[in-house]
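Peer 1: The feature domain 'ABC transmembrane type-1' is assigned by TrEMBL to B:96-311. According to TrEMBL, the feature transmembrane segment maps to B:34-56, B:99-122, B:134-153, B:182-207, B:228-253, B:288-311.
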Amino acid sequence: MLRKLLIGTALATSFAFSAHAADVKEVQMLHWWTSGGEAAALNVLKQDLAKEGYAWKDVPVAGGGGDAAMTALKAMVAAGNYPTASQMLGYTVLDYAAAGVMGDLTETAKKEGWDKSVPTALQKFSVYDGKWVAAPVNVHSVNWLWINKAVMDKIGGTEPKTFDDFIALLDKAKAAGVIPLALGGQNWQEATMFDSVVMSTGGPEFYKKAMNDLDDESLKSDTMKKSFDNLAKLIKYVDPNFSGRDWNLATAMVIKGDALVQVMGDWAKGEFHAAKKTPGTDFLCYRFPGTDGTVIYNSDMFGMFNVPEDRKAAQVALATATLSKSFQSAFNVVKGSVPARTDVPDTDFDACGKKGIADLKKANEGGTLFGSLAQGYGAPPAVANAYKDVVSKFVHGQIKTSDEAVTELVKAIDDAK
Amino acid sequence: MSTVAETQIKLTPEHDARPGASVRSRLQDLLPKIVLAPSFAATIVFVYGFILWTIYLSFTNSKTFPSYDITGARAYQRLWRWTFESDPPSSWYTSITNMGIFGFLYILICLALGLFLAILLDQKIRGEGVLRPIYLYPMALSFIVTGVAWKWFLDPGLGLEQTLHQWGWTSFHFDWIKNKDFVIYTVVIAGVWQASGFIMAMFLAGLRGIDGEIMKAAQIDGATTFQLYRRIVIPLLRPVFLSAFIVLAHLAIKSYDLVVALTSGGPGGSAWLPSNFMYEFTFKRNEMAVGSASAVIMLMTLTAIIVPYLYSELREKPR
């Protein structure tokens with residue numbers, strides 16, 4: 001009996017210690033794109049790499065979702081077992097770059113002309129200390145309205161151009177007996193909507209000062225108070241059951257026609273596509289009223305780790321394939337986002353995608369492309385989450401007035417800086 | 001159990017039969033220690049070692065990654081300040097008040113309900129064999145499953161409220177899970193549902209262990225049923241209370257996943273427990289020092305409750 005136990009222990013130990021050597025013709029990839037459309041989109045990349053002779057290996061993540069993946073990544077990096085690349089968001093890339101574990105793709109970047117084609121604002125996250133450390137996969141923007149066209153026709157609504165138009169439109173929907181605004185009452189969704197509200201209320205200059213530069217004066221200004229008041233107005237149009245709802249369920253309400261509109265990033269379009277809806281005939285995409293011409297973005301990046309020399313070739317191949325025009329187009333058509341380089345032809349995209357591409361180009365040239373604070377592209381995670389806390393507490397009534405909200409916001413952000 | 005018995009029976013005669021096998025017998029004496037050593041070492045490193053490491057980190061300025069420069073007790077100062085920010089409530093204030101509400105109600109209701117069910121089941125009723133597993137079964141589910149099931153059941157648009165509305169009771173209103181002031185009580189409901197059956201089983205085992213003679217003697221002396229339980233049975237169950245309390249206390253502290261699955265944090269983070277706070281700050285907000293400090297405070301609070309209790313309970317019956 002005891003001998004069996006000992007043998008068993010020895011076997012288990014030897015299994016645990018048998019570190020599997022990484023194959024040099026293999027791309028080890030940590031990501032959380034496992035659901036239908038996203039997985040299909042990623043398959044394009046797998047096939048591109050297979051053509052060049054590189055095998056793809058997913059790094060398994062238990063539990064799915066970005067948080068679990070980031071916890072797994074932290075453990076891998078701490079153990080010195082770097083993946084070839086990992087899906088990463090915003091400041092995470094910079095954190096890891098500051099810790100000195102990211103690779104250097106500057107050579108490839110120069111050869112491929114990334115610094116000219118990738119929007120400048122994005123390069124803040126993909127370039128650290130003059131070195132390319134990540135390959136952006138896409139650009140999402142959050143200042144979108146997603147509207148059910150049948151409901152819109154029924155209530156005789158037109159595209160809202162100002163915030164007051166928007167309120168009037170919501171009133172019409174309410175009068176017609178549909179839920180005007182589909183919202184999931186989770187803090188990131190509320191804050192994502194508030195990003196657009198701030199842009200709409202204060203304009204691009206103000207947004208940059210408050211939400212990216214975290215300027216105290218702007219954060220406690222009357223404009224910020226008015227933004228909170230506007231948010232309070234919008235919250236009056238959600239159904240009583242909104243708290244805690246997932247974003248895709250809120251999108252489903254719009255798809256089914258139970259609700260008129262959702263304010264959400266363009267990943268919502270993936271849900272419409274999955275439900276076999278076409279833009280223009282089944283649903284409409286407008287910029288959040290008062291934010292036309294500006295883009296509040298977030299972006300998925302493939303962070304490239306400082307892998308041993310023999311695995312570099314696979315990494316370069318991955319990065320090149322990721323930023324190739326063909327993959328950028330194929331992937332983003334499915335994902336609902338727009339390409340992370342501005343020189344990709346928009347022929348394969350639907351109407352919303354075409355508008356997204358044109359908007360991004362315009363915003364990049366006009367300097368009105370700003371990071372979303374709610375999505376972690378405006379400030380480091382500690383600040384972004386403090387912001388989400390305040391917005392969410394305001395929405396759910398722990399913070400009662402807009403005066404109190406700005407005071408709390410300044411306090412929370414100062415605390416987290 | 002069987003292993004130990006088997007080895008002893010087999011080994012003892014050999015031990016006597018061969019006087020020359022002293023190396024072997026010494027090895028046999030050492031074997032339990034050798035077998036235990038890896039798990040002992042693992043416990044030392046992975047439990048106590050990491051407790052010390054966490055305490056160390058809480059005094060640094062660790063953000064995304066651990067940093068090893070001691071920078072003072074800023075993390076504790078922030079937590080201390082947040083402890084008194086009740087309007088609007090800071091996340092830490094919400095977490096610790098929720099822990100108080102949840103821990104108190106969860107342990108109290110589980111103990112009361114578990115004891116009550118055990119007493120009822122102990123009346124030598126028919127079908128006990130069927131009833132007992134029914135009550136016990138929820139414990140076999142993970143917190144995640146419990147959380148998701150109750151999330152659907154308590155959701156006003158899907159579960160109980162919707163069903164009763166369809167049955168015609170349209171004035172029925174139960175939206176605690178969507179209400180920032182009541183959401184923590186839904187966590188209590190789900191937690192109690194899961195654990196009370198298990199506590200019942202513990203009490204039932206305790207009740208079965210009580211000597212029938214004592215009960216009979218009391219009945220002959222004219223004790224009413226109430227007195228019988230109040231004066232004799234419940235005091236005799238004291239060790240069971242101790243075990244049940246320990247089990248429930250650690251379940252309460254660990255209820256992170258229940259909160260996440262049931263409420264995903266609640267409206268405006270109103271369902272957070274300290275464990276949610278710790279995870280959020282350490283892994284999502286990259287404030288590892290604050291996360292570590294909150295973990296240390298959780299540990300110290302738990303120690304402050306459990307250690308005196310264990311001490312007083314275990315001291316009374318010296319072996």
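Using the three backbone atoms N, Cα and C, a Cβ is placed for every residue, glycine included.
Note: TrEMBL annotation is automatic and uncurated.
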Peer 1: Using Cβ atoms and a strict cutoff of less than 8 Å, what residues sit near the transmembrane segment (B:182-207) while being 6 or more residues removed from its termini?
Peer 2: 98, 101-102, 105-106, 109-111, 113-115, 117-119, 121-122, 132, 134-139, 141, 143, 146-147, 150, 154, 176, 233, 236-237, 239-240, 243-244, 247-248, 251-252, 255, 258-259, 262-263, 266-267, 270-271
Peer 1: List, by number or range, the same-chain residues at least 6 past the transmembrane segment (B:34-56) whose CB is under 8 A from its CB atoms?
Peer 2: 68, 70, 292, 295-296, 299
Peer 1: Using a Cβ cut-off under 8 Å, which residues of the same chain at least 6 positions beyond either end of the transmembrane segment (B:134-153) come close to it?
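Peer 2: Residues packing against the transmembrane segment (B:134-153) from afar: 117, 121, 159-160, 177, 186, 189-191, 193-198, 200-201, 255, 257-263.
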Peer 1: Are there residues at least 6 beyond the ends of the transmembrane segment (B:228-253) whose Cβ is under 8 Å from a Cβ of it, and what are they?
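Peer 2: Cβ under 8 Å, 6 or more out: 99, 102-103, 106-107, 110-111, 114-115, 119, 191, 195, 198-199, 202-203, 205-207, 210, 214-215, 218-219, 274-275, 298, 302, 305-306, 309-310, 313.
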